[in-house]
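Let me begin by presenting the structure, written as structure tokens, before commenting on it.
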Amino acid sequence: TRSRFLYYLFSLGTELGNELFYILFFPFCIWNLDAWLGRRLIIIWVWVMYLGQCTKDVIRWPRPASPPVVKLEVFYNSEYSMPSTHAMSGTAIPLALLLLSYGRWQYPLMFGLILAFCWCSLVCCSRIYMGMHSILDVIAGFLYAILILVVFHPVVDLIDNFNLTYKYAPLIIISLHLALGIFSFTLDTWSTSRGDTAQILGCGAGVACGSHVNHIMGLQLDPPPDTLPLSLSSLTVTVFGKAILRLLIGVIVLLLTKVAMKKATIPLACKIFRIPHDDVRKARQRMEVELPYRYITYGMVGFSLMFIVPCLFHFIGLS
């Protein structure tokens with residue numbers, strides 16, 4: 001018998017590695033809590049996901065066979081299996097959150113450790129329960145994420161500082177993210193992996209460029225070092241209401257940006273590369289269409305997240 005409770009619990013665990021979660025979690029962190037923390041989390045997330053997707057396409061292990069496994073999710077079924085990128089992001093995000101926020105924010109270390117442990121366990125176990133990964137895929141993803149964190153956590157300040165202050169940072173960021181996407185994929189059959197990777201790289205580039213513009217214009221400045229450690233303000237109805245309102249308005253703007261850019265970029269890419277676009281789904285699977293459409297669309301979503309939406313909040317008195 002299948003337990004409804006376990007099904008819903010692990011469906012939630014799986015969602016913690018999907019786009020819906022990212023489009024709520026990162027904006028909430030940047031608009032309501034700490035933009036400094038949000039930028040660094042996104043830098044780590046981009047590298048973890050990029051390296052994870054590339055490794056999958058190098059190793060090319062198939063998903064667990066069904067039967068004997070019962071697959072409760074089919075969306076990522078066309079991707080390879082090893083390592084689990086859900087397990088990687090489900091390990092990297094809570095651990096990076098703990099490493100970056102402890103000492104900067106006032107809270108008990110035990111609370112941070114329990115949250116990271118529960119988050120990581122829920123995501124990792126959900127992938128096995130959903131029939132999408134073997135235990136080996138999940139363990140490899142967990143260890144791989146820790147290895148990437150060990151390498152990237154010490155340099156995340158340098159990367160963020162470069163993004164903010166270096167004169168030609170946007171040019172280098174855009175070129176680097178584009179090159180990483182173009183040269184990393186030789187798919188034998190189409191899968192969701194190339195598009196997802198372009199999406200992540202585009203988002204990372206957009207956020208970095210938005211941060212750079214913010215810094216140049218003196219907007220959304222980080223709190224000065226003498227105000228640290230930060231403490232959570234008491235939760236009043238007004239504070240809570242404003243936070244929810246910011247999230248609601250901001251996410252609507254991000255979704256509208258995504259829809260508008262998608263509508264504009266797919267026909268444009270088809271026109272430039274002379275690909276018939278009467279069947280949009282088929283056209284989207286061509287690399288010449290998929291990469292530019294995902295990059296430009298999610299690049300603009302990332303840019304809106306860091307720059308356009310905070311400007312809008314300032315304008316309507318919600319900042």
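Just so it is clear, glycine is given a Cβ too, placed from its N, Cα and C backbone atoms.
Annotations in TrEMBL come from automatic prediction, not curation.
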Annotated range (TrEMBL: transmembrane segment) out of 47-65, 66-84, 199-217, 275-293: 199-217
Chain residues in Cβ proximity to the transmembrane segment (199-217) (below 8 Å; excluding those fewer than six residues from its ends, i.e. six or more beyond): 19, 39, 42-43, 45-46, 49-50, 53, 160, 163-165, 169-170, 173-174, 177-178, 180-181, 294-308, 310
